[in-house]
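Before any comments, here is the structure.
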Amino acid sequence: LAHGGGGRAMRDLIEEVFTGVFRPESGEDQARLSSDALQVPGARLAFTTDSYVVTPVEFPGGDIGKLAVCGTVNDLAVGGAQPLWLSASFIIEEGCEIALLHRIVASMAREAEAAGVKIVTGDTKVVEKGSCDTVFITTSGVGVIPPGRDLGAVHIRPGDVAIVNGVLGDHGATILAARGDLALSAPLQSDCQALGHLMAAVAGACPNLRAARDATRGGLASALNEMAEAANVSVELDEASLPLRPEVKGMCEILGLDPLYLANEGALVLFVPEAEADAALATMRALPSGRAAVIVGRATERGSVPVRMTSAFGGTRIVDMLVGEQLPRIC
Amino acid sequence: MTGRRIRVRGQVQGVGFRPFVWALARRFGVSGEVSNDAEGVLVLAAGGDLDGFEAALSAESPVLARVDAVEGVPAEVVAEGFRIVASGGPGAETRVTPDAASCSDCVAEIFGSGRRAGYAFTNCTNCGPRYTILTGLPYDRAQTTMAGFVLCDACRRDYEDPADRRFHAQPVACPACGPRLWFEQDGGEVAGDSVALAAEVLARGEVLAVKGLGGFHLACDATDAEAVAALRARKRRPAKPFALMAPLVQVVRHAEVSEAERVLLQDPAAPIVLLETAGEALPEGLAPGQGRLGWMLPYTPLHHLLCAALGRPLVMTSGNVSGEPQVIGNTEARDKLAAIADGFLMHDRDIARRLDDSVERVTPQGPMVLRRARGRVPGTLPLPEDFPDRQVVAYGGQMKAAICLVKNGQALLGHHLGELDEALTWEAFLQADRDYAALFDHRPELVACDLHEGFRSTQHARSKGLPVTEVQHHHAHLAACLGEALWPRDGGPVAGIVLDGLGLGPDGTIWGGEVLLGDYASFERRAWLTPAPLIGGDRAQAEPWRNALVRLDAAGLGALADGLFPDAPRDMARQAARAGVNAPMSSSAGRLFDAVAAMLGLCPMRQSYEGEAAMRLEALAVAEPGHPGYDFGVVQGAKGLQLDPAEMVAALAADLAAGLSPGRIAWRFHAGLARAFAGVARGLVEQGEARAVALTGGCFQNALLLDLTVAALGDVPVLLHRRTPANDGGLALGQALVALAQMESR
Ligand SMILES: [Fe+3]
Ligand SMILES: [Mg+2]
Ligand SMILES: [Zn+2]
Ligand SMILES: [Zn+2]
C-alpha cells in the first residue's frame, strides 16, 4: 500500500476496503443522525472516543477492529447509554497488507451489527513506514441514556455488592503470549466482546443499579480503585471468588503477573444494592456475555485504602492502582 | 555555696535514674536536687564528695539506663538535703524507654512468699512493660494501659518511696489492685489456677494462646513433635522456624551457648537469639533444615510462671493468622486464633502497641540484630559526627518496613513492621508514623525514602507535602552501616560490599550484589555481579529454580537445569526471559544464593518463607567447613568491574557431577563469593580510594558469609551492622543520613 495525497489510488482504496463494507447513508462528509431517540423527555446523549493501538493487530479471539468497536460500545454501555452510532478513523502504515485491512474492516462490521450500532462516518490516512505500527484506529461513539437512568461511581454506598460479568485477564494474557511468542500449554483467547446488551438487561432488572465500569487497561484493580475513590468508599474483594481461568492463573504464576492488573476487553464490574444482587446475577447469567457473572466483593465504609482483598487463608492484601511499570520489590 | 550543675544525657528517663541519683547523693554526702527535663537529667549538687558522686553517675547507672555524657560545670547551689523534683515545665517530656525483661529481684519475688508471690504482673523500675503499654505522653501511669488500675495503699507506698525499687515505676501493681490473669476455653473462663490450667493444655500436646507483652503468642510443648506438627498445620506455616522459650538452664541442654550469647539472652531486651543446636535433640519440625534455633528467655512474670509450670521448652510463635501481624486485643484473639488455639491465657492489661520479639545472633564478629523490635525500641542511636541538626523522617523499604526519625543528633529507628501490602501492617505503618512523631515531638523538614515508586513507603513519603530525598536502595544500606558504626560525615569514602536481595538502581535495572564506593552524600557503583534475568519479577524470589535456571543457562549448562528441575515450566520461563516479559535484569546476590541452593536441591520449587533457601545453604556449609572457594570471572567493563558467576557455576556443576557433598559445595560457594567481593573492596582500600570497607545488605545476616568476608579482607578496617539490621529493617536510618548529608552539601 502506497501512501498518497488524496489522489486516485487513495479513493480506490477507500472505495474498495471501507465504503464497500460500511455503506454510509449520506455521500456527504458528515453523518446525519435521526433525533428520534432523543424525543423522549429526559433522555440524554452520551458521547465518547478512544484510540486503539495493539500489537499484534490480530490475536486469538479478535483483532484491532473488533477491539475498536467493542471498546467504544462498552464505554457507552457502562455509563448506561444505548450505543447507536460510531465513527471510525484509521491511521495506516505504508506497506500494510490490503488483505489485513479487509479482515479488520469485516470484523468491525460484524461486531457493529451484533452490538446494534452503525458505523456512520470515518476517515483514513496512510502514513510513512515507521510513523505508526501497522494500523491505529480511533472510534467515537454516540448513544442515548434513557430518562431516569443515572449511573455513576458516586452513587456506590457501603454494603453494595460488586459483580463481575465473566472471567478476568484473558485479553491481557492472550496479548502477552502472542507478543512474547510464549508457548502456552492451552490456547487462550481474548475476551473482547461488546457489553451493550448485557448492560441494557441489568439496568432493566435492577432499578437501583449504581455504577458500572469496563475493566480494560489496568484490569479490575484499576477500575475498582477509581470507583472506590470516586465514591469515597472502600471495596473488599474476596480472592477465592475471582473468576479466573486455570490457564490464565497458571500463566500468571509462571510469568509473575497479577491477574487483577491484566487488561480485559469484555469484562465489566458493576455495583448494585445487596437486595438487587440476585436479580443482577440471574439477568447476567442468562446472556452469553454474563454467563460467569459472580459477586467478587462489596463496598464498605471508607478505610485506610480504597481496595483490599482477603485471601482464603486469612490475611488481607492492599490492591493498589498500578504505579508505573511493575518492578520487583522483594529485597 | 559553690557546687556543680551536672547534665546527664542518654537514656536516663523512666529507668529509675532520679532515685539512683538520690541514693548516690546520700552515699557521697551531697545535697541538692535532681530533675528530668527535655535534655535528660539535671543534677544540682553541692557539698560532700562531688568528684566521686559525678563519677558514679555513669559508672553505676541503673541497668536500663544508657549514659551518653555527664557534663559538670561549677554553679551556685543553695540546698539542704537532697530532693527529687517532679518532672514538669515546658518541654520536659519524659521519654519512654524500651520494655524490659523481668529483673532478678522481681523473679525472686514471684517465686517467693510475699504479696506478689505468683503474681503475673510484678515489675519495678528496673524491669517491666514500657512502650507496649504507652497510650500517650508524658510517660506516667495515667498515659498507659495501667490507667484503669487504681494503686492500693501498699503499692502507693512502694511507688512513692525513693528507697524502694518500685519508686515511680508506672506499671507497679499487686494482686489487690493490678491486672488479673485468667484461663479461657471455648469462649468461657475456667475457674482455677490459670497458669496450671494453661500448663495442662501444653502438657496434653495442645496449642495455647498466651497474651504477652507486645502481642499474643501461640505456644506448645517444644519437645512434643506431634504438638509442633499440629501447630504448623493449624497455622499454615510449613517450615518457617519457630521461636522457643525456656529458662537458661533448659536452653543449654539443647543449644551451644557462648558467653556472648548468654549475655545477649539475659539482656533486658530479651531478644530471640539464634543458637547452634547441640545436646539433647528436639523435634526436627521446629526448624526444618536449620542448624540453629531461635531461643529467648522468659521475659515477663507470666512467662516465668508458665515455663516453671510446664518444666519444658515452649514454642512461642507470634499469634497471628498467616500473613497478618500479631494480634494484640482479647476480642481479636478470640476471633482470629480460635481455630488454632485450644485454650487462652488472657489478662486485662491492654497492649497499646504491637511489638514483635526482636531477633538477634552472635557472629564471630560480634552480636548482630536481625529484627529490631521489642526491647530495642524506642531506643535511640547517636548520629555520627558533623551531621546538621535538622529533623528528618525516613520511611524505609517495602518488605521489612521500619521508620527512622532524626532529631537532636539522635536517630530513632522504629520497630519492624513487616510487608506493607498487608492491609493491617499498612495501618500499623501509618500509626507508627504518627506515634513516633508524637513521641519524639518531631517536626520534619525533609522526608527520605527509596527510589522505587512501587514501594508503599515511597508513595507515603511523597504524600507528606515536604521535600523528598529519594535514596538508592544500596546507598541507603551503605549509609546505615556507616551511621551505626559512627563513621564521621567527612570520614572519607568507604568501599561498601552490598550483598542484598534487590533494589532499584538509578539506571532502571535491579541491583543487589555490588561494591559501592562512596560516603553518605554520594556513591559510585564500582563492581557488580553479572546481571541475569529475574524471571517473573518477585516470583523469582519465591521459586529458587528460576534463579538456578538463568545462571545455569548463562554458563552453558542448560541441560543440567533441565535435569535438575524436570517439573518446572522451563520452556515458558526461558521464553519469558528471552522476550523480556516481566524478566528484568538483576545483579542480586540474594537470588544467587537462591540459585545455588536450588542447584543443591534445597527447596528448589518453592520457598515457604523468605530466606529459607539461603538459610538452609548456610546451615549446610557450616556443617562441612574449610574448602577452597570457587572462582568468579572478573570482567573489566567500561563502567566498572563485573563479577561473573558463570565460572563458579561451571565448577559447581563439575563438583556435583563428581559427587562432592552438598555441604562442601555450599562452603565453596560462600568462600568464593566472599573472596571475590572482598578482593575488589580490598583493592579500593589499597589503591587509596577507600578508607575502610563496610559490609551491608540482607545477605550479611548470614554469619558464615560475614565471617569469610571479614577474613578475606585481612587487615583492612571493616565496618559492620550490630544494633541495626543489615537487611531492609535498617534501610530508613541510611536514608535519613543520606538525606541529611545531601542537604548539607547542597
Ligand atoms: Fe535491601
Ligand atoms: Mg475510553
Ligand atoms: Zn523488677
Ligand atoms: Zn497493689
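Just so you know, glycine gets a Cβ as well, placed from its N, Cα and C.
Record features, source TrEMBL:
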- B:3-86: domain 'Acylphosphatase-like' (DOMAIN)
- B:ARG18: active site (ACT_SITE)
- B:ASN36: active site (ACT_SITE)
- B:192-375: domain 'YrdC-like' (DOMAIN)
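Just so you know, the Cβ of B:ARG18 (active site) picks up 25 other Cβ atoms within 10 Å once every protein chain is counted. Other Cβ atoms within 10 Å of the Cβ of B:ASN36 (active site) number 24 in total over all chains. If you take the Cα of B:ARG18 (active site) and the Cα of B:ASN36 (active site), they are about 8 angstrom apart, rounded to a whole number. In this model, the domain 'Acylphosphatase-like' (B:3-86) carries an average pLDDT of 90. Across the domain 'Acylphosphatase-like' (B:3-86), the DSSP tally of helix, strand and coil residues reads 22 helix, 37 strand, 25 coil.
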